[in-house]
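Below is a structure I'd like to ask you about.
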């Protein structure tokens, strides 16, 4: 059995060792450990391997909290002490910036982190009927598999949501559409918890009674979605608490639907918004752009400063709700929202929006390379970039520095998803 010394973690939280110049990626191994491993896939330049035995453990190794860890794909790092996870993600960010973009920030910001358990306020859970038993499986997919993990509880979900996993199995198994249920979305707000069920066929009266009884027993709200995301509607109860989240520091509340993108981790999102605003430093006299603005998670806090803000987003539905949130929070006079496909941005289309003193960019995983390449002679003097993919951040940062003349002032990791390999980050760029 081959033995290796683990050097570091890759972007999927696999340990990396080397044998005769070839990289070996070992599931479950931690930096500094000496391990036995067994390769299950061999390529000319690398191998993928399973961990067989830890000969010399890392001081960061801990016993996983969850009995499903190692099978369930919802987490990848429970065997690593939480502060060590954050440090590893900071290193992944630094490595990505250098190896992909060939750039380094002048300063590394301290990472943003929060509670490691019960943080996941939004989740899409897979559902499948088990033909032999007639029961249902509900949970995340197994590690690198299309199968659904047989989980009875989940430590990264809020406790009251984890407690719904088994009752949901019983509910879905009893529905006439049980065979055709593929997933259920969970969205936790300040005042209520919503479950969203995609239905391809109409519910029977008996199905509707079962859903209503489940709601009454478990204090949740059920949404149904017969077709695309815009068809989702609140099924039961028709009234009651709204699904919303708050940014108390800015006196803001955002209503949303289970189909809307919102940050998974409410506590870390509050810290992230606070840091983004501190780094952006909006002033009442400034005109600021919030690109990929979504519901206005950053737009409305910027508007609280008195600056004039333009929020740009590709989804007309999100822009509509952003306008509603601005009005509900008394900020309609400070905010303008517009619909634009920022993945097809040109210098001409960006210039048509007018001159901006500063810009905040919060793109999806694909990044914002078209947008940053479109920045012309009236470039914003400061850009704060919130990223959910270190690779595309590194690519876009290289464009800003080498092609657009920005200084790469600072960057730091954001641990939005504890116990996973997912790395979010925030970066600041300034013109000299």
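Here the Cβ of each residue, glycine as well, is placed from N, Cα and C on the backbone.
According to Swiss-Prot, the record shows the following:
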DOMAIN    1-53  domain 'TRAM'
BINDING   66, 72, 75, 154  [4Fe-4S] cluster binding site
BINDING   263, 292, 297, 313, 341, 362  S-adenosyl-L-methionine binding site
ACT_SITE  388  active site, nucleophile
Counting across all protein chains shown, how many other Cβ atoms sit within 10 Å of the Cβ of residue 75 ([4Fe-4S] cluster binding site)?
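Total other Cβ atoms inside 10 Å, all chains included: 24.
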Using residue 313 (S-adenosyl-L-methionine binding site) as the reference point, find which of the binding-site residues 66, 75, 154 has the shortest Cα-to-Cα distance to it.
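Checking each of 66, 75, 154 against residue 313 (S-adenosyl-L-methionine binding site), the shortest Cα distance is to 75.
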Looking only at 263, 297, which of these binding-site residues has the biggest number of Cβ atoms within 10 Å around its Cβ?
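Max Cβ neighbours within 10 Å, all protein chains included: 297.
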Reported as an integer number of Å, what is the Cα distance between residue 292 (S-adenosyl-L-methionine binding site) and residue 154 ([4Fe-4S] cluster binding site)?
31
Which one of the binding-site residues (313, 362) has its C-beta surrounded by the most other C-beta atoms within 10 angstroms?
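Highest number of other Cβ atoms within 10 Å: 313.
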Pull out the binding-site residues from the set 66, 263, 341, 362 whose C-alpha sits within 10 Å of the C-alpha of residue 388 (active site, nucleophile).
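Those close enough are 362.
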Return the maximum Cα to Cα distance in Å (whole number) over the record's S-adenosyl-L-methionine-binding residues: 263, 292, 297, 313, 341, 362.
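Spelled out: the longest distance between any two Cα atoms in 263, 292, 297, 313, 341, 362 is 21 Å.
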So of all those binding-site residues, 66, 72, 154, which one's Cα sits nearest to residue 297 (S-adenosyl-L-methionine binding site)?
154
